[in-house]
C-alpha cells in the first residue's frame, strides 16, 4: 500500500506562483506576481448545475481577488404537482364484495405494496386513468400487506398487478409496471363489450 501511495501524484488546481529570489545586496526577498490561469469547477445550487470560473491573483500574503462567473443549466426539473390529481381509494378485504364484485360498471383494481418501487411508478398512471375514465370505470387500490386474503384469493404473487373485473368476474390481469397505453387499451376493450 505504501508503494502505491508513493507512486501517485496529484496535481493541484491552484499553486502559489511565488518566485522568491534573494539578491546578494539585500537580505529581503523580492516577490514577482503572476496571474494564475482560471479553473472551472462544477457548482450545484438546488436542481441547477453550472461551471464557475474562479480567477485569483496571488501575492505574498496579501490581496487575493476572486471573480466568479456563473452560467447555469437545469440538471433536473421537478414534476408539476399543482394539477388536481384524482386519488384512487384504497380497499380492504371487508369492502371487496360490495365495491368490486357487486359493481354495475367495470372495475380496475391495482394490487400494490408500500415497499414496491414499480408500484410507486404506476400509481400516478392509475390516478390519471381514474380521472380520464371517471363515470365509465371504477378504480381501486388494495394493499396486499394489509389485505392478504383478497390477494391470496386471486393468486397475486407479484406486485403491481392490475386486475379488471366486470359483472363480478375477473376478466383480465396485467402484471408489472406497464406503460399507460397498455392499461388504456385494456380499459377501452372492456368499455365496448
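Note: Cβ is positioned from N, Cα and C throughout, glycine not excepted.
What Swiss-Prot lists as transit peptide is 1-82. What Swiss-Prot records for 83-192 is domain 'Thioredoxin'. If you look up Swiss-Prot, you'll see 116-119 marked as disulfide bond, on the strength of sequence analysis. What Swiss-Prot records for 116, 119 is active site, nucleophile. Swiss-Prot lists 117, 118 with the feature site 'Contributes to redox potential value'.
Feature map: Swiss-Prot annotations on the structure.
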residue : record                                      : Cβ within 10 Å
116     : disulfide bond                              : 18
117     : site 'Contributes to redox potential value' : 8
118     : site 'Contributes to redox potential value' : 15
119     : disulfide bond                              : 21
Three-state composition of the domain 'Thioredoxin' (83-192), taking helix and strand from DSSP: 43 helix, 29 strand, 38 coil
